[in-house]
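Asks: In case it helps, Swiss-Prot gives these features for our protein:
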- 12-34: transmembrane segment (TRANSMEM)
- 38-60: transmembrane segment (TRANSMEM)
- 89-111: transmembrane segment (TRANSMEM)
- 126-148: transmembrane segment (TRANSMEM)
- 155-177: transmembrane segment (TRANSMEM)
- 211-230: transmembrane segment (TRANSMEM)
- 243-265: transmembrane segment (TRANSMEM)
- 291-313: transmembrane segment (TRANSMEM)
- 363-385: transmembrane segment (TRANSMEM)
- 400-422: transmembrane segment (TRANSMEM)
- 427-446: transmembrane segment (TRANSMEM)
- 461-483: transmembrane segment (TRANSMEM)
Amino acid sequence: MTSRTKSSKNLGTIALAGMVVSSIIGGGIFSLPQNMAATAGAGAVILSWILTGFGMFFIANTFRILSTIRPDLKEGIYMYSREGFGPYIGFTIGWGYWLCQIFGNVGYAVITMDALNYFFPPYFQGGNTLPAILGGSILIWVFNFIVLKGIRQASIINVIGTIFKIIPLIIFIILTAFFFKLAVFKTDFWGHAVTKAQPSLGSVSSQLKGTMLVTLWAFIGIEGAVVMSGRAKNPLSVGQATVLGFLGCLTIYILFSLLPFGSLFQHQLANIPNPSTAGVLDILVGKWGEVLMNVGLIIAVLSSWLSWTIIVAEIPFSAAKNGTFPEIFTIENKEKSPSVSLYITSSVMQLAMLLVYFSSNAWNTMLSITGVMVLPAYLASAAFLFKLSKSKTYPKKGSIKAPLAMITGILGVVYSLWLIYAGGLKYLFMALVLLALGIPFYIDAGKKKKNAKTFFAKKEIVGMTFIGLLALTAIFLFSTGRIKI
């Protein structure tokens with residue numbers, strides 16, 4: 001192994017875990033108290049986190065097991081799909097995941113600028129004013145050049161950013177714990193009381209449905225270490241970092257959701273404007289708490305944005321190394337950063353940023369679509385684990401036995417399907433249209449390969465035809481108004 005190859009494999013467990021935490025915890029956590037209290041009492045909130053934690057554990061464990069038994073698959077999410085189900089499925093998962101994170105990063109730009117409006121009103125209001133577009137565009141290229149300086153250097157900055165992100169979260173937890181009163185927490189625990197100030201929240205099942213729409217998306221980013229597995233010092237670090245990041249984030253989410261119920265009543269929390277953590281601390285400790293949370297929001301979003309800039313450039317780079325994306329994406333600079341992938345990705349982000357200026361409503365729709373587009377990657381990974389567990393090639397030795405892998409894969413598939421269903425049919429059909437846009441790029445990449453027959457085998461053609469027909473069906477349903485956008 002050359003020194004240049006070694007230099008690219010320099011991410012340890014802490015750096016990878018930092019990537020996971022920073023990828024998962026973004027600006028949304030600062031609105032979590034209000035988001036949860038808007039539809040549920042404390043009892044239903046507890047149940048929703050138990051159910052979500054149970055389901056996401058199997059997704060996290062899927063990545064842990066796969067990184068342990070197949071450490072040779074160093075391109076993570078994309079390669080699991082390709083290895084298990086062929087080049088076209090692998091490409092489609094990689095393409096959809098790439099688009100998802102590109103638009104997700106532009107979402108971070110919008111959130112950052114909107115958060116700045118707290119300090120500089122009204123210049124950045126909504127995140128789509130001209131100053132906001134200029135500011136967001138500048139940050140897109142700042143992060144581009146940070147990552148160009150090297151993945152390791154960017155990861156160190158990300159770890160530092162994650163630490164500074166967690167500090168205001170810890171302060172919020174400490175302060176809400178200090179003001180916590182059990183009597184307040186137990187008041188209308190199941191959300192059934194009816195008063196003028198506090199209407200009934202309905203049955204526990206209806207409350208669960210409302211909170212699950214929040215918690216279902218809370219762990220998007222859990223695959224952060226897997227995507228970067230090709231740059232890990234030790235393949236075992238990938239699984240360790242994924243589990244550590246998952247448990248850490250679950251703990252933070254539970255505390256953030258429940259402690260405010262002991263400081264303020266449910267109807268008070270439900271009516272606090274977002275970011276609601278700022279409103280909670282403004283009530284409990286005064287203006288300085290509100291300022292702290294708004295600063296924390298900006299740091300959190302910037303830290304997550306840096307993480308996803310690293311990850312989103314790694315996706316086409318990894319796919320191109322295996323011949324599925326165009327070869328140009330494999331070019332690295334002297335710092336071993338995927339330079340061409342970074343520039344192309346940042347350029348697409350820049351175009352998307354300009355679109356935000358003209359249509360904020362369309363942008364909100366796009367964010368919902370991209371939330372759905374990440375889920376096929378989870379589904380394919382869990383299905384691949386299930387497939388491996390049944391094969392004769394599954395490792396006979398080792399701590400992870402085939403039955404455990406099979407159970408994890410099955411439950412991971414079930415939970416992934418539930419997430420896709422919960423996302424809504426409308427956004428699923430929109431996502432299919434975006435996935436179909438990748439077909440010409442797949443065909444172009446396949447034609448240039450010596451093993452072109454593999455790219456255009458019968459099942460690959462069937463897959464392309466199936467996705468294409470679904471996309472055409474979606475376009476028909478949207479154009480005729482049978483499904484309203």
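Yeah, the Cβs are placed from backbone N, Cα and C, and that goes for glycine too.
Looking at the shown structure, can you explain where the listed features end up?
Replies: Cβ atoms under 8 Å from those of the transmembrane segment (12-34) belong to residues 108, 111-112, 115, 152, 155-156, 158-159, 161-162, 165-166, 169, 214, 217-225, 228, 232-234, 237-238, 240-242, 244-246, 248-249, 252-253, 256-257, 260, 269-280, 293, 296-297, 300-301, 303-304, 306-308, 310-311 of the same chain, restricted to positions at least 6 beyond its ends.
Distant neighbours of the transmembrane segment (38-60): 185, 188-192, 201, 204, 207-208, 210-212, 214-216, 218-219, 222, 242-243, 246, 250, 253-254, 257-258, 261, 266, 270, 378, 381-382, 408, 411-412, 415-416, 418; these residues of the same chain sit at least 6 beyond its ends, with a Cβ under 8 Å from one of its Cβ atoms.
Listed as Cβ neighbours of the transmembrane segment (155-177) (distance under 8 Å, sequence separation of 6 or more from its ends, same chain) are residues 11, 14-15, 18-19, 21-22, 25, 29, 146, 252, 255-256, 259-260, 262-263, 277, 280-281, 284-285, 289, 292-293, 295-296, 299-300, 302-304, 306-307, 310.
Same-chain residues lying 6+ beyond the ends of the transmembrane segment (211-230) with a Cβ under 8 Å from its Cβ atoms: 8-9, 11, 16-17, 19-20, 22-24, 26, 28, 32, 35-36, 39-40, 44-45, 48-49, 51-52, 56, 59-60, 63, 66-67, 71, 73-77, 151, 237-238, 241-242, 245-246, 249-250, 253, 304, 307-308, 310-311, 314-315, 318, 371, 374, 377-378, 381, 419, 422-423.
Sequence-remote contacts of a segment are chain residues at least 6 beyond its ends whose Cβ falls under 8 Å from one of its Cβ atoms, and for the transmembrane segment (243-265) they are 13, 17, 19-21, 24-25, 29, 32-33, 36-37, 41-42, 45-46, 49, 53, 56-57, 60-61, 64, 166, 169, 172-173, 176-177, 179-182, 184-185, 187-188, 198, 215, 218-219, 222, 224-225, 277, 280, 283-284.
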Asks: Please report, as numbers and ranges, the same-chain residues at least 6 past the borders of the transmembrane segment (291-313) whose CB is under 8 Å from any CB of it.
Replies: 19, 22-23, 25-27, 29-30, 98, 101-102, 104-105, 108-109, 111-112, 115-116, 118-119, 139, 143-144, 146-147, 151, 154-155, 157-158, 161-162, 164-165, 167-169, 171-172, 221, 224, 227-228, 275, 277-278, 281, 337-338, 341-342, 345-346
